[in-house]
Amino acid sequence: MIKGEKWLIFFALGVIAIPRLLYIGRYPDSWDTVDFALGVVRYDIYNMQPHFPGYPLYLLPTKWMNKLVSEPIISLSLVSAIAGIIMIPLIYFTIKNWLGKKIALFTTILSAVNPLLWLMAEQPMSDSLGMMMIWVVLWIISRTFNQSLTQSEYLRTGIIASFVYGLAMGVRISYFPFVAVLLLPLLMSSFDLQQRIKWRTLLRHTVLMALSLFFGLALWFFPVAYTEGGLLPYLRLGIAFTSGHFTDWGGTVLTSPRYLDRVESFIKLIWVSLGGKSWIISFFLFGGLLWIVYHFLKVSKKIRLFPKYFHFQSMKSYRCLLYLLSTIPYILWAFIGQNLDKPRHVAILIPFILIGFVWSLGKIGRFSKPIFLGLAFVTMITSIPLVEQYAVEKPPMVQLANQINQSYHPEQTTIFTWEEQRVIQYLYPDFQTIRLRNPADFENQILIYGENRRILVTNAVLDGFGEQKGKYAPYLKPVFQTEADSFLYPTYYQIVLYEALPELYEKLKH
């Protein structure tokens, strides 16, 4: 790195760091946020503090941070912000090694001002640190580009990358599909001088890299299992949590009513994640995504990825394969196993989509720089109000909890909620909250508590009743309503609180 470039990077880091530290999240805005905040104070996976697998390598630095600031939410957000700051130069150096300085610079600038990536760096969640760790893995692998390395040097790269990947799973395990990128150093370490695969070497190197990955996993997995009562209880907890994620509340393909609706939701999710509220940004960036898909389809016949001896015809094949292994496995996982209502689940794909846009932008010649500068500016002025709003305004769930605390007495009130329960309990634990979405359970609870207590119901509960919610409408009076930006709070941006009239109890009683 030349001296001028080094100072430019330090200056850019300062420009990136100041707003990210200024706009950190200060409120418990979701169920998962409260899980993490409680885990900072008292780590207990069985009580969802946080949920499985425990995110130990996210909460460990957060606990250290909390010793300085003594506020769990701010501690979580600060760790996310620091990770978000570090991730930007990692993106630059990785893509510089991979695709060259120009694509790296343009992609990094767009990544730095992207509204979703910026928001992830402000939230008290594990996403930002998890993305940073994955980019460390990619940076390690990218250092093999533009070099003539021996088998042992490729193997050493693979072993180090595997170890870091194992650690990354202790930050955010849902990024597990990126294990696919480890195939690159594994394959490159197993070619002979005639570019033929040496199968015994491949098997030996697979074992060595697998052991390195296992060691990275073991450093956090076994200590966490020990704190939760042992390996078998911890694994049983994991199986139960995974089952619930796929069959109940995880928003996966198994709980989606129609396949085509999920395809539409996935495309919309990518669109929103690229530009936030700006259709102009999304239009240009989505166009870049379509262009690179077209390019891969066009050149796929020329790239021999799986011939007889796994022969890589050129380094271009190697670079293309890294892109494919970095995107396709995670796209499939996000589509099948993630909640498509939440943009953060595709945030890690944003830099790769931006790579496609920048690459396609370079094909249009002298107009590329004005388009890039205009797009970067529009993206920045779109992102700043969003992250400022996130930092300053209270989230809808917090507003709901505050309203209940100001207007009702804990000893006289029962609140029927869904995910709002976690935030209400965190802020005002004296209130009785009941989490349900089943009409029969609702009616039973009304009969138990409705005679002597004031009954509150959120719109999330009623939405869970489906077509049956209409029969309760005449007996519910809206007492509070709040709404925020759906980009900031995709599932709970609008909350309505109802109070049950005495007639509801009388109707159900008779």
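Quick reminder: no glycine exception, Cβ is built from N, Cα and C everywhere.
According to TrEMBL, the feature domain 'Glycosyltransferase RgtA/B/C/D-like' maps to 62-220.
Per TrEMBL, the feature transmembrane segment maps to 7-25 (among others).
For 73-95 (among others), the entry in TrEMBL reads transmembrane segment.
For 102-119 (among others), the entry in TrEMBL reads transmembrane segment.
When Cβ-Cβ distances below 8 Å are used as the criterion, the transmembrane segment (175-193) is approached by residues 130-131, 133-134, 137-138, 141, 144, 149, 151-152, 154-155, 157-158, 161-162, 165, 168-169, 199, 201-202, 205-206, 209, 213, 310, 312, 318, 321-322, 325-326, 328-330, 332-333, 348 of the same chain, each at least six residues removed from its ends. Look at TrEMBL and you will find 175-193 (among others) tagged as transmembrane segment.
Residues of the same chain lying 6 or more positions beyond the ends of the transmembrane segment (205-226) and with a Cβ under 8 Å from any Cβ of it are 45, 53-54, 56-57, 155, 158-160, 162-170, 179, 182, 185-186, 189-190, 233-235. The transmembrane segment annotation in TrEMBL covers 205-226 (among others).
As annotated by TrEMBL, transmembrane segment applies to 279-297 (among others).
Here TrEMBL flags 318-336 (among others) as transmembrane segment.
Feature annotation from TrEMBL assigns transmembrane segment to 342-359 (among others).
TrEMBL lists 371-392 (among others) with the feature transmembrane segment.
The stretch from 7-25, 73-95, 318-336, 371-392 that makes the most Cβ contacts under 8 Å with the transmembrane segment (102-119) is 371-392.
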